[in-house]
Amino acid sequence: MAETQPLVFVLMSISAILTAGLPINDDASLLISVNPETQQLVDSLGRERFFHGTNVVVKHKPYHPSVEGYDNTSFSEVDMKILQDLGLNTIRLGMMLPGYVPTRGNYNETYLKIIQEIVSKAAKYGIYTLLDMHQDVMSAKFCVEGFPDWAVNTGNADNFPFPLEDKYPLNLQTGYPYPKDCAKHAWGDYYFTEAAAAAFQNFYNNTDGLLDAWADFWKKTAQGFKDYKSVIGYELINEPFAGDIYRDPSLMIPGVADERNLAPAYDVIHKAIRTVDEQHSIFFEGVTWDYFAAGFSKVPGGDAYRNRSVLSYHYYEPPDFNKKFQFEVRMEDLRRLKCGGFLTELLTVGDTAKDMSDMLELFDICDQHKQSWMGWLYKSYGCYKQHLGCLTDSMHDETGHLRDIVLQNTTRTYPQAVAGHTIGYKFDRITKKFDLSFVVTADCRSTESIVYFNKDLHYSNGYDVTVFPKDSVTWKQVEKKIIINHSQKLSAGTTVTFSLVAK
């Protein structure tokens, strides 16, 4: 486990962030796409880009964080400065269906403007945004959240939560089950109710035009963000369920629902998005139990869109069970589909020794496979207390301060941009040693690589740098980044190495 600093140091660090006003950069000004041959995210200069980030998801009204001040409801410029200081250069921001389309066909343009404001401000701090249509078990009708009532069609399955229990009584004022009844089961169990399964199937089947409405939501969203280069992509849906597993039990077989239900639906949404936005990447996700391989045979839209497609995946234990094996499976998915990959959720806020061990092991595995990640969750925004699909609380304690355990272990030394093809990188959380190696490529139009490092936390006694080839590589420190420049005279295929060692 990484060595810890006194909590007073943590609080002083937060205080300094809140008052100092970190320099603003334009790192989020370059459009991100995918190199299908390497399956790496790249910017418009041809540099490979790597992201560490967090989730900012508000699952209840008003479906967005407050944009002013600093408290448990905010994601303001104060919060953005904190993330920038920690080296977190991306957020997964809830772009919520009930927030934007509260009633069918009626779009809340005020909501869109607030999300646009958050995206624009975050970009000033070098933070890219993934827009995520987040949901957990679809609806408050099923004790959780995600879809407005108009988008939930259970057909004849009105016996929720059967087969977990007999039908719950409904609150006549809200039309939803009572919270005390919902609390009888873990929220994830409600996916496997007959009513929720039927509602997902009706959504995929375009019953009552619901798939068309989903596509319209994304078309309108893409129209609003097509010119925002700091949008890293559109995530079509969070943790989609398989569909009606009671009518078709084979949907429970890993990969089957991806092929039968999700892939056709994603193609419909892709087509709608591409009528207004040909640039941004689409993030697509399989069911949560794709243990052996995702069931997709192609990316949404087909092979021509491999360079704008990213397979989004999560890792939690349970339901996942073997980190090394399942990452190998995901990497094989990326090689097969020739698309990018992104771990868009992992637990970064757990309190147990196992939570900590799992998180640190996942970070190391992500480095090994050159994968970007986003932790769950920056702030709870009330979702834990409201039984809205949160496994645990957030990066913040009840007073609004960043928790010591989070600060120590999510701010890691890593490359944010590499001017070539990355061979590998590694951060040793005990010794703080960091190594990076990459190959100069002919198609990269930049010689500048960027490494984030938290000097105050990890290198407070100073550091030493070693580069190779010595006569062709220079470096300089700019705040909490090291800028590495290699000579334009280096030929393609030349290996460049960089090492950072704490004194």
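From the backbone N, Cα and C atoms, a Cβ is placed for every residue, glycine too.
Taken verbatim from Swiss-Prot:
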type     : residues : note
ACT_SITE : E239     : active site, proton donor
CARBOHYD : N72      : N-linked glycosylation site
CARBOHYD : N108     : N-linked glycosylation site
CARBOHYD : N205     : N-linked glycosylation site
CARBOHYD : N307     : N-linked glycosylation site
CARBOHYD : N409     : N-linked glycosylation site
CARBOHYD : N485     : N-linked glycosylation site
SIGNAL   : 1-21     : signal peptide
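Counted within 10 Å of its Cβ, the other Cβ atoms near N205 (N-linked glycosylation site) come to 16, all protein chains included. Counted within 10 Å of its Cβ, the other Cβ atoms near N108 (N-linked glycosylation site) come to 16, all protein chains included. Across the fold, the C-alpha of N72 (N-linked glycosylation site) and the C-alpha of the residue listed as 'active site, proton donor' stand 25 Å from each other. Candidate recorded positions: N108, E239, N307. Nearest to N485 (N-linked glycosylation site) by Cα distance: N307. The shortest Cα-Cα distance from N307 (N-linked glycosylation site) to any of the recorded positions (N108, N205, E239) is found for E239. Cα spacing between N108 (N-linked glycosylation site) and N205 (N-linked glycosylation site): 26 Å, rounded to the nearest whole number.
Shown in sequence order, Q135, D136, E285, V287, T288, H314 are the residues of the chain, 6+ apart in sequence, with a C-beta less than 8 angstroms from the C-beta of E239 (active site, proton donor).
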